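Enquirer: Submitted below is the structure of interest, expressed as structure tokens.
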């Protein structure tokens, strides 16, 4: 009994350490996300809807990707794909906006700084680059063809959303209620990992072959990733245990794009064949992003 109490005390101490380290980033990200959701989501959609040129433009694609990562609305049911499509926004812009929005949002960007500034900025870079590359591929291979099927997609974009203080507090409370349980699950799993997972296993998994580690983490993002904020404590622990930055980046790219709620929404607007393209693209891009990160970090002092 005394040993059990001792182990529980150690786990509680580890949980409290994680809470002190992660909580400020989570609170800041949640606050920023709610501010943008209530006061800026409609403006972001309107800006994206103004991109009408059917000719490929790098500047317009970059703008669409940046608007995507700035969009605070979640993918499931609220990403303004339907409105943008009906506004005759080019398909490559729509693809760029969609992919970047899935990969990152302001809340997730801020909490990613708990992993350190380099990884947070790499997450931003690859979220923008992933959207732009997806848009370029849609432009090249689907000119004159329909890539999206928006007939049955709901137009829930927050266009009629109230912007008062009450709406802000309601959005903030909802965001906290949704993300806090996943964050706590991640923190508890991290404490268990720190206490009981052998370092030799981590060395075998992450240090012996970094290329295979990238492939493994890109694949692990599919079943493991449930909530962006909830994975941050685990990623911190894995990085401290020896996981390479490239493996972390691969996980951060594959996870959001294959999260169940995101897959449900994407499937509804792409159809089966294009949905398979979506899955393959995101997994391949996750591996590429991870290997590119490894290449860069190998040349850093």
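The backbone N, Cα and C atoms fix where each Cβ goes, glycine too.
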Enquirer: Any idea which of 42-60, 156-174, 175-193 is down as transmembrane segment in TrEMBL?
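Expert: In TrEMBL, the transmembrane segment feature sits at 175-193.
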Enquirer: So, does the transmembrane segment (275-300) come close enough to the transmembrane segment (120-142) to give 3+ Cβ pairs below 8 Å, pairs being at least 6 apart in sequence?
Expert: yes
Enquirer: May I ask which of the stretches 91-113, 175-193, 275-300 has the most CB pairs under 8 A with the transmembrane segment (22-40)?
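Expert: By the under-8 Å Cβ criterion, the transmembrane segment (22-40) pairs most with 91-113.
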